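Student: The structure under discussion is supplied below as structure tokens; questions concerning it will follow.
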């Protein structure tokens with residue numbers, strides 16, 4: 001890259017004059033106060049920068065100085081010389097491309113670059129943006145309103161007569177190449193704050209920018225061509241993206257096959273008012289009067305309602321339902337339990353006792369033949385069933401006095417008896433054999449004093465002992 005070359009100073013000034021800001025207004029005016037007059041100098045060609053690009057106005061050799069493009073694409077001149085507004089012809093394609101490139105580079109440029117001196121600028125120009133040659137339209141440069149501050153201000157390039165001193169700083173913005181972001185709209189007014197960041201349009205909803213930098217929402221010559229590459233609301237943008245998805249209709253062959261099957265099914269199964277439902281045996285429809293049988297809360301064909309064992313038809317016959325299965329009477333009886341007393345099948349209630357099944361009328365006492373349904377009973381050693389009374393009468397111990405069976409008292413379940421001399425006695429039969437005194441097994445006075453196999457009280461037992469002693473003495 002090449003920088004600006006300057007002529008050696010001819011008239012150096014010993015004094016330094018303050019430099020002011022050069023305001024390019026585009027109108028001729030007095031030369032800036034630098035303490036020395038401007039000297040003619042040869043034409044200087046500046047290297048193109050991302051934010052400031054120099055153009056040679058086509059006005060002829062009488063052009064006063066190098067022109068440069070400031071922020072927002074307005075052609076300006078340095079050294080306070082008037083800007084040639086008509087120098088950039090609307091029909092010039094190259095000038096329009098450079099103007100758009102500089103605007104894109106400056107407004108999309110990176111932020112935070114430090115200000116550099118104009119004599120130390122060395123940058124590579126960014127690649128020109130993609131454009132369409134067929135849709136370029138001349139855009140007249142809008143005049144920049146004067147503002148007290150804001151934006152990059154061009155430096156006053158001094159000639160040989162300018163004293164050597166600190167040059168006015170020039171703010172240079174370098175554009176950073178950003179992929180996927182569209183340039184902002186032209187015509188934005190210059191503000192004092194920092195430039196806005198790059199605009200990233202949302203895919204499918206953002207603005208599509210064409211070579212003329214027109215939005216789809218703005219009516220213009222290039223809007224129609226750009227909108228052709230964007231589908232409707234349901235579609236996506238360009239670049240190999242998806243379009244609106246249209247549901248595919250069913251092939252005619254499949255539709256015809258489906259209609260044919262439906263027609264055949266309707267012909268084989270015509271709707272009828274005599275339809276009763278599906279058969280519980282075969283699962284087919286029961287249609288027609290007299291063709292079905294209702295049983296077990298279901299509908300059966302006449303030929304399907306048969307016995308589950310012998311397969312005999314049960315229409316008009318008695319049948320037995322066991323676990324939702326139908327049985328004829330013979331097959332049902334064969335499956336029943338037999339009574340342990342009469343050996344007949346039990347068709348009604350079953351009375352179970354000691355692991356056997358009985359008819360309620362067959363479960364009786366073997367002595368009195370009374371039914372024992374709900375009555376306590378007992379069995380003997382041969383598994384004969386007895387009621388409690390008959391069992392005690394038959395198997396209870398006998399009293400040695402009266403000879404009767406010793407049985408429990410009414411309302412009692414236990415039998416109370418007195419055993420003495422290996423004999424059993426009722427409580428009321430346990431008396432002294434001499435005087436008839438009621439003996440007791442607990443009292444000492446009324447206790448039993450047996451003598452020679454007799455039950456005697458204490459007094460009677462003593463009298464008998466004395467009597468026997470006297471007899472023995474007399475015999476001696």
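Note: Cβ is positioned from N, Cα and C throughout, glycine not excepted.
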Student: Select, from 16, 120, 186, 214, the one residue given the annotation omega-N-methylarginine by Swiss-Prot.
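Tutor: Cross-referencing 16, 120, 186, 214 with Swiss-Prot, omega-N-methylarginine lands on 186.
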Student: According to Swiss-Prot, which residue out of 135, 192, 249 bears the annotation phosphoserine?
Tutor: 249
Student: Looking at 116, 217, 238, which residue has the omega-N-methylarginine feature per Swiss-Prot?
Tutor: 238
Student: I'd like the per-state residue tally for the domain 'LIM zinc-binding 1' (279-316) from DSSP, helix first, then strand, then coil.
Tutor: 0 helix, 14 strand, 24 coil
Student: Report, as numbers and ranges, every residue of the chain located at least six residues beyond the domain 'LIM zinc-binding 1' (279-316) whose Cβ falls under 8 Å of a Cβ in that stretch; write 'none' if there are none.
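Tutor: The answer is 269, 272, 324-328, 330-331, 334.
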Student: Need one number: mean pLDDT over the domain 'LIM zinc-binding 3' (399-467).
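Tutor: Within the domain 'LIM zinc-binding 3' (399-467), the model's average pLDDT equals 83.
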